[in-house]
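Asks: To start, I am sharing the structure in question, which I have written as structure tokens.
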Amino acid sequence: MSIISTKYLLQDAQEKGYAVPAFNIHNAETIQAILEVCREMKSPVILAGTPGTFKHIALEEIYALCSAYSTSFDIPLALHLDHHESLDDIRHKVNAGVRSAMIDGSHFPFEENVKLVKSVVDFCHSRDCSVEAELGRLGGVEDDMSVDAENAFLTDPQEAKRFVELTGVDSLAVAIGTAHGLYTKKPKIDFQRLAEIREVVDIPLVLHGASDVPDEYVRRTIELGVCKVNVATELKIAFAAAVKKWFIENPDGNDPRYYMRVGMNAMKEVVRSKITVCNSYGKLLPALQY
């Protein structure tokens, strides 16, 4: 098995009308928990790491873990650079073998965002690495970045069309009302805006901030063209809550093999649920077909 580009996964998803789940990883246990479910449900998967994750565990170690698990689980997978902001950082990681990167210039004005994304696309495409970018800006907290509601804004369909044409990006993360983190009230998803974007943009669309979004909303976004669904916060909360509960019930416990497995099992339930919502179960193709 090998680390593959997300473009092969997303092309299949777009053709068949499902979405590939992208789960954020943090250590060996989170990688293993996710892949155990993907093997069980025969689902394609994208393992996403933010810059903070690569500070916690070195790139070479994460890459080696993903490669080893891909082989032992017999699952081709994509290791994705999530919310990276530096061309130099992406260049280093792509040269080390990563084949999927998100360059996040959403905090820049349109023209500056285009310039940054185009520079990343030019480099990455020469190395069979797919590129995701974001237009519009989600609120909430992601890694060390925090965007308040006043600075969040939705994606304009005509700007999205122009953005894709100018950059040559492979997939586009759109802002349609979701936010990073958990919601204090039911999110208002602009499905009409998503439909209008889909009419003028033919590349795979990406839904960020899918944690805590009602399942029926996520399914509707997939019907309207979303091919990649990002999940992070719900995974962490499930893992942490289960471990906390275990220590309350076992105050003298100290064996990571027990409490980490409890956390992993809780995370697996979230993974299983998201794969079902994305309708990606049974969609895994043999490696040679990617």
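Glycine residues also receive a Cβ, built from the backbone N, Cα and C atoms like all the rest.
The active site, proton donor annotation in Swiss-Prot covers Asp82, and the record cites sequence analysis as its basis. The Zn(2+) binding site annotation in Swiss-Prot covers His83, His180, His208. As annotated by Swiss-Prot, dihydroxyacetone phosphate binding site applies to Gly181, Gly209, Ala210, Ser211, Asn230, Val231, Ala232, Thr233, with the evidence given as sequence analysis.
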Asks: Reported as an integer number of Å, what is the Cα distance between Gly209 (dihydroxyacetone phosphate binding site) and His83 (Zn(2+) binding site)?
Replies: 12
Asks: If we check Cα distances from His83 (Zn(2+) binding site), which of the binding-site residues Ala210, Ser211, Ala232 wins as closest?
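Replies: The answer is Ala232.
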Asks: Could you state the CA-to-CA distance between Asp82 (active site, proton donor) and Asn230 (dihydroxyacetone phosphate binding site) to the nearest Å?
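Replies: One finds 10 Å between the Cα atoms of these residues.
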Asks: Indicate whether Thr233 (dihydroxyacetone phosphate binding site) is helix, strand or coil by DSSP.
Replies: helix
Asks: Tell me, how many other CB atoms lie within 10 A of the CB of Thr233 (dihydroxyacetone phosphate binding site), whichever protein chain they belong to?
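Replies: By my count, 21.
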Asks: Among the binding-site residues listed here, Ala210, Val231, Ala232, whose Cβ has the fewest other Cβ atoms inside 10 Å?
Replies: Ala232
Asks: For the binding-site residues His83, His208, which Cβ has the most other Cβ atoms within 10 Å, all shown protein chains included?
Replies: His208
Asks: Counting only residues 6+ away in sequence within the same chain, which have a CB under 8 Å from the CB of Asn230 (dihydroxyacetone phosphate binding site)?
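Replies: Those within reach of Asn230 (dihydroxyacetone phosphate binding site), by Cβ under 8 Å and sequence separation of 6 or more, are Ala22, Asn24, Ala48, Asp82, Val206, Leu207, His208, Gly209, Ala210.
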Asks: When DSSP is mapped onto helix/strand/coil, what comes out for Ser211 (dihydroxyacetone phosphate binding site)?
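Replies: Note: Ser211 (dihydroxyacetone phosphate binding site) is coil by DSSP, not helix or strand.
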